[in-house]
Each structure stands twice: as structure tokens, then as C-alpha cells.
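Scroll down for the structure; my scribbles are underneath it.
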There are 2 protein chains.
Amino acid sequence: MAALGLVSMRVCVGLMGRRSAVPLQSLCSSSGMTLSQIDEEVAKLLQLKAQLGGDEGKHVFVLKTAKGSRDYNPKQMAIREKVFNIIVGCFKRHGAETIDTPVFELKETLTGKYGEDSKLIYDLKDQGGELLSLRYDLTVPFARYLAMTKITNIKRYHIAKVYRRDNPAMTRGRYREFYQCDFDIAGQYDAMIPDAECLKIVYEILSELDLGDFRIKVNDRRILDGMFAVCGVPDEKFRTICSTVDKLDKMAWEDVKREMVIEKGLSEEVADRIGEYVSMQGGKDLAERLLQDPKLSQNKQACAGLTDMKLLFSYLELFQVTDKVVFDLSLARGLDYYTGVIYEAILSQTIQAPVSKPSEQNGVEEAGTSVGSVAGGGRYDGLVGMFDPKGRKVPCVGVSIGIERIFSIMEQKAEASSEKVRTTETQVLVASAQKNLLEDRLKLTSELWNAGIKAEVLYKKNPKLLRQLQHCEETGIPLVAILGEQELSDGVVKLRDVASREEASHFNKRFLNKGCVT
Amino acid sequence: MAALGLVSMRVCVGLMGRRSAVPLQSLCSSSGMTLSQIDEEVAKLLQLKAQLGGDEGKHVFVLKTAKGSRDYNPKQMAIREKVFNIIVGCFKRHGAETIDTPVFELKETLTGKYGEDSKLIYDLKDQGGELLSLRYDLTVPFARYLAMTKITNIKRYHIAKVYRRDNPAMTRGRYREFYQCDFDIAGQYDAMIPDAECLKIVYEILSELDLGDFRIKVNDRRILDGMFAVCGVPDEKFRTICSTVDKLDKMAWEDVKREMVIEKGLSEEVADRIGEYVSMQGGKDLAERLLQDPKLSQNKQACAGLTDMKLLFSYLELFQVTDKVVFDLSLARGLDYYTGVIYEAILSQTIQAPVSKPSEQNGVEEAGTSVGSVAGGGRYDGLVGMFDPKGRKVPCVGVSIGIERIFSIMEQKAEASSEKVRTTETQVLVASAQKNLLEDRLKLTSELWNAGIKAEVLYKKNPKLLRQLQHCEETGIPLVAILGEQELSDGVVKLRDVASREEASHFNKRFLNKGCVT
């Protein structure tokens, strides 16, 4: 506080120096200041700064994107489009609608939804008006949307970017701007049916993306809470112990135990009891066995969770996905808003993240989810009620696909494959071997466009034929339509297959007009 | 300044009061303050504010989206998807790639690019680190991308949201968050060929969207500048007079003239000379006539522009789009970065904007472009050079489709039409008339999904058949597969056409597996 007072004093004296005498004594006798006075003061200082004219000293403009963000180049976009098509195709196959929400929300809409992670929220500058923040995920805006529209039943997907002020240097492989790809089912339904569909969707998407073998871990918040209770964890420590358990996928049990005992103050005995449970994995059988567990069976929460887990597995059997789904008591997941089933999909065979290229200035190259995990979600029955003025609840269950991680794997696969990724869909290049045929090339190209054929023409009056053929090879255009004086007088077009260099017999232009080139 | 000094004094005294005695005299003797001291001071005041604990007084949470922003509901998204498909289809037909850039840029990337409109840029809060702003358009990020990647040739499209702190109440029909849909051709090419393709694209898109008759106005910055010069406008007033001329589509000439003379200080004579030119409209013939104009023909800039305009029209004739394109000397367009051809597309028949619904809390319902205008763009040969460390230029020409205006028109058309907009693509609902068939419904649904058929099932153990048929009618699902004890024992499925209520003969499940339902 000493420094604060000191600098403040200098400020005020400095400001006073800019104008004529002021009764210092009378001002100095007033004491204390309110928050709105601070606001006013800050605004005035900033205004003064603006009047003084920008930042001090010489400034060098740096040509880069913001820390933790990146551009997508055409090749990355082509891969992104392919991945999105598979995912959206699956969502549509399951009868989902889609919605979109603004990139920013009122700051208070996000307040109190993310626990400790709230510090990672990007706020907008107060430029007069509402206080806004960039969305941190798609789930809270979805809940806000449901409460605002009073919709009680919807199956929707939403693919959009979200924003987190993570330190990309510290948590390697994370971007500050990244895609989320969410599918959620809202509504009061019979138990575990929508939950099972979410898992079926994860199964379908990961299979179709062909990312290698995977597992989907399943657990339930109620089972975790019941387990903590019967192990002797005090109520107020449930959440913090939960987040320690969540580290079991990256840390050894010994280290997790140490954190529980030393940092979080559990007794060794309690920690060991937790250790026994969280080492358990299985399927429907495990749920049945735990329902007979002398301690767990006495806990109401745990029983409800285990009963639902049994039911869930019976539906998963009908969906034929149990070969990949594991009931795993160590799965915890960090977010506060989950109330029931939770799940996470992990690729068995972890593909190495690509080495950061020297040209990459931000020092990041990856994903929005932890390494290995490519999907996650769960049931959150209380979130919509937090927004509803009357606290009216809308039960929800959903899944988020870790699309950035998937992009990165697909990029590596494309890199490793000999097949070139095309960034355009052009079917034919209209070319010429002779000079002064620009007008004829433009005319034919236009006819092709009008016929719905994807066509290009070089923007040169007299391009060399070789240059035109090179363009086809570089961009993967399969066909080239070659115009010449002879062809023009005959009213035909010569068509060449770029790869085989075979020249097809002369096609009549009227044929092209009918789209017969494809 | 008196008030500023006064409050500052009170601040510093207030802060001092919180700690023990400080040698006031010695501090008061220092004078003046630097910008970095102001920064430091502001940070400390804000920290103090945080310590004092948030805002004063009771606060009521308001359930809404940020001012000027909106959610898209599933129906709006279905229309949006349809529009995007047409537009992206056209871009791909012309051989374009796509890129994506982050939603925020370094603040200084946007500085000095938008003239007066810079005040509308959203800044992010300084949370430590770089100063960021939300993108204001897609053109400046594109230029930054080109300079950063050193790409000199690209034909790309980019569809994404941009952000402008316009007052939605004042400029009715504008959102603060809205889509832009840009197509640009970068590279050193022979004159007017890419420019003509941009106009062809506008023509194709507006025709395919079926929005009624339209016109595309074309002009050239060099012709405007030449015209101002020969009319006697002082050099330093070119830009401001340009923005006055730009108002001719919304204001009568008399009012535009008054602004020129009274607000901008032109003589009546000069204004009248401008008035003569800006009333001219035509095609190639007008360009030819003006090349003979005794005054304009003496101006180098104007001659270059008019010669290119002639050439442009000859290409437009080849593309068969001259029926909608008008060379219009009153077209000015506001943005500073244009250097050559400029254009704007206007719908002839202005459809009324929809009346704001009472539920709409933000009081806005429309568009990102001025009423009537649905596309615009031009040539900007200097923008990339502003980012390149060596000032290396990359000539560019592009067009932005006013997609929000188009959405709004398509929504009205959908509203007016008797045809219902489907928000899902589900082909079949798996239903049952009898109880206890949930498992069989789930199993069949799963088989349909596995066969790539878009299928839904109600998440109820024993839903009523009527409820299931209602769901089909509400959401437009054309077929319902009805399971019963009899069908199950026969290993078949009854298929009903929802609209005609015709029941198809019993389909074998194996048929469905092969995807024959579609």
C-alpha cells in the first residue's frame, strides 16, 4: 500500500501542476473514496493518457496473430471441412438441429459457472455499455439460450470457437482460441436413453474418423460423491478431492495420494480407501457388484448412480458399443456443473503431436483437450435452472468432441500419406496453347460456370501452356480444356487428362454446356 | 482540467488515509507524470477497486444476449445453411480455397485501417499481455495473413463473424456481431480479369439466391479522384467529399450538395460541377464518352480508371452479365483502402425488414450492410503493403456478400411461404404402438444409424403412437417405422408414410440395413 499511496500522490501532484493554483489544503482534508470515484478517476487518467498521445517511445509493429491463436491455411481448412462433414453428418443422422450464439456474452452470464477456471475468461474492454466476456465454452451459452427462450426439449449441435486465457507456453498443446463441437439433448425423458445416445454418437464419430482404437470411460458424479462419503471424505472436500482424482489419467496413484494427504489434508486411511475404489474398471457387472458393496450400497447417491449405470449399459448393449465403453471409477472430470453420468473418450494409440515449426511464432501447435482425450461430456441437470428466473430446471446431457486434437491427428495423417490434400474442387482449367485467345478462354469458362462446372482460367492474356498445365498439377485439377484456332473454327474443345496426358477426342461445346464434362 | 485535478487530489488523499503518515511535502514537490506512470496508476486503482469488492449496491441479473447480438434458432440456422451452401458452392465453382483467421487481432493490426470508423472497434480488456481487438472486417486480417505468410497469389473465400460497436438503436437494422462472406483474388495479374470475375460471382450468387431483380453499380476510385480534381475540389478534401457523395443512394442531390457546401466548405460552383458528373450512368459507352470529356481526359488518374472501365465491360460482356451492371459515377463507398474499381449490388425491389418482435430485447433485427445493398467490394492494391516489413505490395480485388441482409430476406420469404422449414433431416422415426418395446425400438434405430439412415426414436419407455406421429408431423419426418409384437416375431417392420398415412407393405429389416429406406 505504501507504493500505491506514493504513486497516487505523485499522480495528483503531477496533474495539479498542469493547471493554476488549487486550494490543496481543502482537498487534502477530505478522506476515503468510493468505488465509483475510483472508476471516474481511472476514466479520467486514461483520457489524459489519450490526450498526451499514445505510448511512449518508438514502437515496432509486430506482424503476428495474437498469442495462442493461429490462422488456418487452405490445407488445414480442407482437413477441417472433411472432419466437420463427418461429425455434422453423424449429428444429423441422430436428428439434431443446430443453433448459434454470439461470441460474447454478458460477463455475469459466465460468472460462477467455471469454478477456479473463471480466471481464464477473456473480458472485453469497458467501452461504455455492458460488461462482456468471450464465451468460455458452448454449454453455458446453450443453458442461457434455453432459459431465455423457455425451450424445454431440444436435441442440438453447435460448432464454434471458444476462448480461454490459458498460458499456451505452460500448458503445451493448447490454443487460446479453439473449436468446440457440442451435441446436447435437453428435456425430461426416461432415464439413460439420451445418455446412451450421446455415447453411441462418440462411438460412431471416432469410428468414422478412423483414428485408431479408442476407449470411452464412463462414471457418475453421484457414484463419486457416494464413494467419497463412504470413504470418509468431509462434504466440503468433495470437489477438491474430485479434481485430484481427475489427475489419475496423467499421474501415478502414489502422487495422487500424496496430493490428497499432504495438500488436501485427508488421512492416509481415507486416501487408501479411495485408492481401492478408483482402481476398479468394468462394465455392467461392476455396477452390479458395487450395488452389493456393503458400504456403497448404504449410500443413496451411489445406489442411484449405480442403478443408472446398469441401465445405461443395457442400452449400450442394444447399441452394440460396449466393446469400447468402460465403467471406470477413476474418471472424475473437472467441471462443476455435472450432476450425473460423465464420460471421456481416449485414443489408445497416442499419436505424437507435430513438432512446432520454426516459423510458428506462438510456440503452440495443438488441441483444446488434454492429450489422448478426444471427447468428453456428461449430464448437467442444474445449469439451465441457474439462469431461469424461477429456477425451473431443464435436464441436459451432452458431449463435446475435442476437435482440435482430431484436426491435429488428421493433419499428421495427411502429412504422412502420399496422397496430396486438394484445397480446391476445380474440375477443369480452361487453357490455350496459342496467343490472343483470352476472350475465348473467358467465354468458355463462363459457359462452364453457368453449367455448374467448377472451372478456372489463368488471369493472363497469353499464358504459356506449360504454366497452365503446371497450375493443374500443383492444385490437382484433373482436366484441362485446351482451345486453339482450329478447335474454335470447328466449334469444339480439346480435353486433356492431366495425370495420364491422354487427350480425349474433341468434345462439342454444347456438351460442356450440359455439364457432361463431369 | 479543474475537475480532473480535483478528483485526482481526492483520490490520492483517500488512498493516503488508508495508511500511516507519508512525507506529503516531498511528494508534492515533484511535478508532471509520464504515460507509463498513468498506466501504473490505473492498474493500482483497479486493483484497489477489486480489493474493495466489486460494484456497489444490489444487482439484478438480466437474462439476455449482449446489445446488438442475437442467437440463431434452428429455423434461422436451416436458412443460413441453405444460403451458405449456395454462396460457398459458387466460390468453389470459381476455384477458391478458404482460410480462417482468429476472431481477435493485435490492436495495432487494425489501427489506421478504417478511418473514422476505428471508434467502432471492440477492444479486449488488458488482462496482462497483448492488446487485442475483435476483427472489424475480414479484409484487414486477410491482408495481414498475406503479409505474414508471404503468399503472393491466392483466390480465397472466408465466411466469419465480424464486430462493430455501432449503435443498433441509431442505425436501425444493424447488428454488432454479423457475418461477412468475402471472396478475394490476390496477385499480380493482367488488368481487370480478376475484377470481372468478382462481378460475375456477385451476379451468379444473387441470381441463384432468387432475391428478385438487382443491379450492380461500378465505379473506380481513380475516376472519382480525377473527377474531384477537375471539378476543383482541394486534394485534402477528396476523402471527405467522397464520403458525402457516398450518401447519394440515401439522400437527394440537394441535401448532398448542401452538405458539400455548408459542412465541407466547397463553393457552389464546384459542387454543381460534381453534381453533373455524379448523375451519369451507363456502360462501356459512358466510359468511352468520358474518355473524350475535355476536362476528365486531361486527368491521368481519370484516364487510367476509364480505360480500365472500358476493358472491364468488355470482359463483363463475355461473362454475359452486362444486363445488370451499371457504370455509375455516384458510387463512392466509404472505406479508405480502395485504390481502383469499386462496386455495390442493390436489390431493385426493396423488401420490408421484418417488424421487430416484442420478445426481441435488443431492438435490432437486421443486416450488416445498408438497406438495399447486398454486396460490395473493390480493388485494394495498397493494403498488404501496409503490413509487409518491406512494403512489398500484393494487388487485391474482392467482394463481400451482405449475408445478414440476405438471411433476413430469406427468412421473410420462408415466413410468407406455405412450405415449412425443416430444421432436421431425419428420414424415419422408429415407433411402436404397443408397450414394452423400448429395447426393440432402440435396437432398430441403432441398425438404421449404422446403415447411414437418419433416424430418431422418442426417449420414452412407452410413448403413445399418437405422440410419435405428432412428432413426425411437427418436425417433418416423412416416414415412421412401426414395431409390434407381430412384426417382431415375423422379423419385419411396418413402414408408414406420414403425410399420406399409406402403410407400405412389410419391409424386411435386412432391407433397412442396406439403406433401402431412403
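Glycine too: its Cβ is placed from the backbone N, Cα and C atoms.
TrEMBL annotations: computationally assigned, not manually curated.
Per TrEMBL, L-histidine binding site is recorded for B:ASP137, B:LEU138, B:THR139, B:ARG164, B:GLN180, B:ASP184, B:ARG333, B:TYR337, B:TYR338. Residues annotated as domain 'Aminoacyl-transfer RNA synthetases class-II family profile' in TrEMBL: B:68-410.
Everything TrEMBL records as a feature, shown here on the structure.
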residue	record	Cβ within 10 Å
B:ASP137	L-histidine binding site	21
B:THR139	L-histidine binding site	23
B:GLN180	L-histidine binding site	21
B:ARG333	L-histidine binding site	20
B:TYR338	L-histidine binding site	24
Checklist entry - In this predicted model, what is the average pLDDT of the domain 'Aminoacyl-transfer RNA synthetases class-II family profile' (B:68-410)? => result 90
Next on the checklist: Taking DSSP as the reference, which of helix, strand or coil describes B:TYR338 (L-histidine binding site)?
Outcome noted: coil
Checklist outcome for this item: Expressed in angstrom and rounded to a whole number, the L-histidine site built from B:ASP137, B:LEU138, B:THR139, B:ARG164, B:GLN180, B:ASP184, B:ARG333, B:TYR337, B:TYR338 spans a maximum Cα-Cα distance of 21
Checklist entry - Which state, by DSSP, holds B:ARG333 (L-histidine binding site): helix, strand or coil? => result coil
